[in-house]
Amino acid sequence: MKLSSGTIRLIIPAASLALLLAAVFYMQPRAMSYTGLNLLFNLAVPIALATIAQMLIMSVNDLDLSMGTFVSFCACVAATVLQTSPLLGVLIFIGAIAAYAGIGVLIHVRELPSIVVTLGMSFVWGGLAVLLLPSPGGTAPSWARAIMTAKPPVVPMAIVASILIAAVTHYIVIRSSFGVLMRGTGGNDRSVERAGWSVIGIRAATYALAGLFAILAGIALVGLTTSADANIALRYTLLSIAGVILGGGEFVGGKVSPIGAVIGALTLTLAGSFLSFMRISPDWQIGAQGAILIVVLALRLALNRLEKREKHQ
Amino acid sequence: MTEPLQRKEVVAARAIKVTFGAVKALDGADLVIHSGECVGLVGHNGAGKSTIVNVINGGLSPHEGTLTYGGSAVHGISAARASGVRCVFQELSLCPNLTVNENARIMHAELKGWNWRSRAGELVRGQLQKIFPGHAIDCDSTVDDLSIAERQMVEIAISFAGLNQRPKLVILDEPTSSLDAGLAAQLMTYIRTFIGEGGSVLLISHILGEILSTSDRIVVMKDGRVVADRAAKAFNTHSLVEAMGNVVREQEFSRKVTERTGAPVLSMPPHPRHGIAFQAYRGEMIGLAGLGGHGQTDALLDLYLEHNSNWWPSRKREIAFVAGDRSLNGTFPLWSILKNLSIASLGQLSSRKMVSDSREATLGSGWKQRIEIRTPDMQNRILSLSGGNQQKVLFARALATTASTVLMDDPMRGVDIGTKQEVYEILRSEAANGRTFIWYSTEMDEIRLCDRVYVFREGAIVAELVGDEISEKNVLAASFSEGEAA
């Protein structure tokens, strides 16, 4: 049976995750347990949600550099307003989603580079977060805490949540009509427009959906850490982009894979633990994480080239 | 028209005028398509074929004139689609990252609701089977994984397919450009079936055989106007080529017969499958003619890259390049006129790796006078100049280098006639001094200035015209193949 290019795209991320997991289990057999797995992948849940948000933006050929500050902002809202007066908190989140849709419209209508607009927005979100929570603090809403620390039978919560996120977003992005239009806009927006669709509407909806997933990331993060801080998720911007790319997505052309993005987020989280188990000092960890990324991407390039050569024959 | 019966109009565009800046793309063109007929549309590059297609499909609103669909005047892409107008564009317009089914979903908004995927699959599969019986396209594969011919087949099938409502008019812009002869014949057969069922087709093709055998009526466009509109039977290949071309103007050119001395400056082997080899000698002005996008630009790039490595540019460059698309790869929009001019010759202008300001200024003022760049100050921004003057700067950039060969990629697009004459003069004198020019142009007047012309078709050189053989008629005859696509 001939494999489709989408399946081939998923093989490398899945294989690298399996390899890393095997290495971790080999070095630390005790990680091979319910608690061990939960601890390894706990922090992957908010990263996976943020990666999905970034992937949505990337599926329409844009890039969101405000992801980290926006998730921080959402975490601050969740730890303060959402906790004390839930209605106001929900309203703030609805406003944030509307702001995201607005950014999408602005980028499309004025033909602005998304990098510039979102970089500017990152300061706005960062400022709002500091206004809300000048010093680390706040309390997680009890329901968020309950969800994140739930102990389902057999499989730990982190794994259940990851599978759930992957399944839901796979349905939205790959199976649903909206997902087709969204990826079509990334692939060839002129032809979508010629077919009579409103590309502005599609962009706005995509951005709004990305905003929703980023909010979920913020809430999940607070549920894990119990309190928030204005700078809590700054590194999510680059982590989310790396996760999408690691999971087989591409910067342009609407080629994204939600399952791959979740796997990418898991791989990135696991890479951190793996390096700790290797007793590599934290000073070197970021560099080593980069090295892992380069190796995986090099593998993918090699595979792409192989595929292309086969096609030419 | 030719039918005595008054048939129902599907689309009527009357006295349409469209202008892009100073360029008149359509200058009062009329095109009426009735139900149950196949109209062939032919014309040379820039005749306005694509523009009128864009007007009909709603992508472009005309500046003057009336446009009605089945009698009602509505506007916009959705209105055109609602009136049953579908279009297969020349450049493939599927989403390459989606599967065939998903592309059908995008093109057919009515494919909504539960289980649209399998219904889309049925629709496309059925239509593909009708048009191209015996095809082997898997509708679940991504468009990226299909060959160019398969993509074109899919796009054609999606456009002809209709879930609730069959399309009334399908516009096919060069539909056979990447199909082989067998598939093209299947498509032409299907077009006749579709016409027999009451649909209409607007067929644009550079393969005159197809147009003559498939159309009921042929419309010939030239310079934004319809110059002939007759039944297909009234035409043959010869009269069609003549209708497209200009009446040969009596113009005297000081075309010199170059004595080919020594080895060629540049040469290129012929296309692997067909065609003839390319050779250029010192002091020659060589034209690359043919319809746009038939490999002329690629040939120029190949010639350039052969002598200038992609990786490590050599110190002394033998070849200069004048880009055609000014804003895309010509000018540095933020720089001054002088900087834009001197960028290619900074090596000559500098000593010990430092650019000499005075030598740069001398170069600038010299060329400002010679090529008459109309500006008070060479330090002004390049964008302060008109398009024609920007193009002059690009010419000066190439001519100011020591390069003995200059490649030009249709550089006169959108340049007014006065500027053109000035540049032609300079090119002539430079050629007399021993420079070689290789000039791709879509304009016949420019091609006629050349000493020798190579005509391109489908990526290969199909004809070489020398001296008095260079005429619009000969170029057209060579660029339109008479039979099937090679």
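Backbone N, Cα and C define each Cβ position, glycine as well.
Automatic prediction, not curation, is the source of TrEMBL annotations.
Keep in mind that this is a model prediction, so the values were computed, not measured.
Quick look at what TrEMBL annotates:
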type     : residues  : note
TRANSMEM : A:7-27    : transmembrane segment
TRANSMEM : A:39-58   : transmembrane segment
TRANSMEM : A:88-107  : transmembrane segment
TRANSMEM : A:114-134 : transmembrane segment
TRANSMEM : A:154-174 : transmembrane segment
TRANSMEM : A:195-221 : transmembrane segment
TRANSMEM : A:233-252 : transmembrane segment
TRANSMEM : A:259-278 : transmembrane segment
TRANSMEM : A:284-303 : transmembrane segment
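Annotation: stretch A:259-278 has the most Cβ pairs under 8 Å to the transmembrane segment (A:39-58), among A:88-107, A:114-134, A:259-278. Against the transmembrane segment (A:195-221), the recorded stretches A:7-27, A:88-107, A:154-174, A:284-303 differ in Cβ pairs under 8 Å, and the greatest number is found for A:88-107.
Within the chain, the transmembrane segment (A:7-27) has long-range Cβ neighbours (under 8 A, six or more residues past its boundaries) at 40, 246-248, 255, 257, 259-260, 263-264, 266-267, 270-271, 273-274, 277-278, 292, 296, 299-300, 303, 307. Long-range Cβ contacts of the transmembrane segment (A:233-252) within its own chain (Cβ-Cβ under 8 Å, at least 6 residues beyond either end) map to 9-10, 12-13, 16, 46-48, 50-51, 53-55, 58-59, 61, 63-69, 71-72, 75, 122, 186, 217-218, 221, 259-265, 267-268, 293, 296-297, 300.
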